[in-house]
Amino acid sequence: METGGNSLPSGADGVKRKVCYFYDPEVGNYYYGQGHPMKPHRIRMTHALLAHYGLLQHMQVHKPFPARDRDLCRFHADDYVNFLRTVTPETQQDQLRQLKRFNVGEDCPVFDGLYSFCQTYAGGSVGGAVKLNHGLCDIAINWSGGLHHAKKCEASGFCYVNDIVLAILELLKQHQRVLYVDIDIHHGDGVEEAFYTTDRVMTVSFHKFGDYFPGTGDIRDIGYSKGKYYSLNVPLDDGIDDESYHYLFKPIIGKVMEVYKPGAVVLQCGADSLSGDRLGCFNLSIKGHAECVKFMRSFNVPLLLLGGGGYTIRNVARCWCYETGVALGMEVDDKMPPHEYYEYFGPDYTLHVAPSNMENKNSRQLLEEIRNKLLDNLSKLQHSPSVQFQERPPDTELPEADEDQDNGDERWGSDSDMDVDEDCKLVPSRVKREVVETDMKDLVVQKGTVEQGRGSMTDETGVDVSPMPIDEPTVKAE
């Protein structure tokens, strides 16, 4: 009997969820360099925990198709994508001007396989969006995604390609409104900027604010033009604990869901907001962090779960393993099963770690002021803005693989510029495996100069998803 992808009943709603999980076994091999805090190995550690806790057999497991040049160019500038594709550690000294122009070199180093890494994590996020669009799952997970700082023309904060923006663009083919929620300790600046002038995407970011990277995300930043009041920023101080965090998260997100009525939700689950993170300064427990996932799941709206930051890698793996269990509606044991990375989790070898006794600098008065201000902003929204759909872009094709004659290259078509590794062993055969095509053709968003009012404003992000009949674009092609 086929059980892959069917979760167990969870909480008061008792509704089963079908979960798709995207993972490429190569992702843990990419290496930012000695001393760099971003370690893709944490994704491999997370996967090992999922395997040994027995969670993989309850999900559909997919190896993502790598995103192609033209997929990435739905948001990113052509010359930036071309640079990422061609630069290597050996040739970078010959491209100093471009390194500076695209902000590549220090926080965002050139490393072996950089472009393949970008293609892999972006392919997982877009693949998840495609699955959701086709109604093939209720929740899609890509822990290698969530790189929310990348801009149209530059890398930032360890992020090169903004897989979140690309996934949201895919979701917008099917859904009039998409909600983006970010619980990384850093402000989700790249995603906010991309959709700052539209009401078709609402962005909500909970983050440390004040002398902290990237420096954006003031509570007064609320969106612009059609997007006014569709960006919400929740600025927080050091040491916030579970209770204080939920005091803001639940009423704000509850009101957003009531007023905005999104057709799909993207939740960036950056784990650097956990207590004890190497770069972070919050004091959330894993259960407290996962409570946000549980709360979003309770609305029973198509949900894309993505990774993000997280630099104490043993805790990142703990967190995302537990949150996968939450997505499935399965409680996982605190006692960790032996596995290949068991030694990372000593001396206790448990899934949960106690928060510290650090001071919570977020006073109740401050939290109330933030809560009241944001709820007031939400009261200024019209209930679920209407978007006229005179003609919808065609769905991304999603051919089902014939497991006896699985030829991934043919599914890309004759114009493919990517190779598919068919020999890569992913999971035991009892777990269903598919390959997803993410063609991303005919997006509702076009790059160019946005005409607004009497004057014209060049949209630095290159994204215009204003609520117009989509067969009458008002953007000029570049």
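Each residue's number is its place along the chain shown, starting with 1.
Note: Cβ is positioned from N, Cα and C throughout, glycine not excepted.
Annotated features in TrEMBL:
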- 36-324: domain 'Histone deacetylase' (DOMAIN)
- Asp107, Gly157, Tyr311: substrate binding site (BINDING)
- His149: active site, proton acceptor (ACT_SITE)
- Asp184, His186, Asp272: divalent metal cation binding site (BINDING)
- 382-426: region 'Disordered' (REGION)
- 397-407: compositional bias 'Acidic residues' (COMPBIAS)
- 446-478: region 'Disordered' (REGION)
Position of peak Cβ density within 10 Å, selected from the binding-site residues Asp107, Asp184, Asp272: Asp184
Rounded distance in angstrom between the Cα atoms of Asp107 (substrate binding site) and His149 (active site, proton acceptor): 12
Those binding-site residues of Gly157, Asp184, His186, Asp272, Tyr311 having Cα within 10 angstroms of the residue listed as 'active site, proton acceptor': Gly157, His186
Neighbours of Asp107, Gly157, Tyr311 excl. site residues, C-beta within 8 Å of centre, substrate: Pro37, Met38, His149, Phe158, Cys159, Phe213, Leu279, Gly309
Whole-number Å value for how far Asp272 (divalent metal cation binding site) lies from Tyr311 (substrate binding site) (Cα to Cα): 6
Between Asp184 (divalent metal cation binding site) and Gly157 (substrate binding site), the C-alpha gap once rounded to whole angstrom: 12
Site extent for substrate (largest Cα pair distance over Asp107, Gly157, Tyr311, Å): 14
Spatial separation of Gly157 (substrate binding site) from His186 (divalent metal cation binding site) - C-alpha basis, Å: 9
Residues within 8 Å of the Asp184, His186, Asp272 Cβ centre (excluding the divalent metal cation site residues themselves): Ile185, His207, Gly270, Ser273, Leu279, Gly280, Gly308, Gly309, Gly310
Cα distance (Å, whole number) from Gly157 (substrate binding site) to Asp272 (divalent metal cation binding site): 13
Among His149, Gly157, His186 [recorded positions], residue with fewest other Cβ within 10 Å: Gly157
